[in-house]
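Chemist: Let me begin by handing over the structure; questions about it come next.
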Amino acid sequence: MKKIGMSVIIALSSMLSAQTKQQVDAFYGAISSNDLSLVKKLTEQGYPIKAVLSDQILPVKAAIWKKNLPMVEYMVNKGANITADKTLIDTAIEYGSPEITHYLFGKGIYAQNALYTAIFYENFEIAKELYVNYQPQKIEREDFGKLLLLSVKNNDLEFIKKIALKGKDSPMNYFDDDGYNALLYAVEKNHTDIAKYLLSQGADKKSRITFETDNGIVSGKTALQFAKANKNTELLKLLK
């Protein structure tokens, strides 16, 4: 009898484990399929949406991967955990979902390396919001240069004025992999007001495209040459 009883317990345990795995697979399958109605149905049928499973990512993170804001909102409203994983904001930024990023901001979720992530993925609008409204942020000196260059590329002088430009480690001295700094890019793209502002803050008017190759440092056009090519008389006067 003891052997039979133990066998029954093992069988029931196996059935329960299999059923739980089926529930988990069905739930995450619904997320992967962007099927919000099925996610709701499974939750209403008792799927433990608040649970944090050791072998699964958070349901909210899976929904972020699918860039499904209504699904994220539903899960959060049902009590899904949004604090066990500290990379939710970074994930939303990486997957290019500003709507979800803003939603998570509204829920009080943010990470101190989120600005780095926004700059890395060149998500300028999110980077601006993080820089202005969500400090402190963990960011390296080089990242300020990348942020400045990203701001120039987006032709946003108002935001550029919020970035500290003066000093020995000025972000104006940062060159990207193509050999551009902020001034060179501004002059080449004829962003005259930005170029004038950068020069007023001490940008090197002798800047020229510079990058390293296996054969050494290669130099290209100067800011003055870009201004000449654009026939920008206003900048020509300032760059001579």
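Every residue, even glycine, has its Cβ placed from backbone N, Cα and C.
Automatic, uncurated: that is what TrEMBL annotation is.
According to TrEMBL, the protein has these features:
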- 178-204: repeat 'ANK' (REPEAT)
- 1-18: signal peptide (SIGNAL)
Chemist: What same-chain residues lie close to the repeat 'ANK' (178-204): Cβ under 8 Å, and 6 or more beyond its ends?
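Modeler: For the repeat 'ANK' (178-204), the nonlocal Cβ contacts are 145, 148-149, 151-153, 155, 157, 160-161, 165-166, 170-172, 210-211, 218, 220-221, 223, 226-227, 230, 232, 234-235, 238-239.
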Chemist: Could you put numbers on the helix, strand and coil content of the repeat 'ANK' (178-204), residue by residue per DSSP?
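Modeler: The repeat 'ANK' (178-204) comes out at 16 helix, 0 strand, 11 coil.
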Chemist: Check the repeat 'ANK' (178-204) for me and report the mean pLDDT.
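Modeler: Residues in the repeat 'ANK' (178-204) carry a mean pLDDT of 97 in this prediction.
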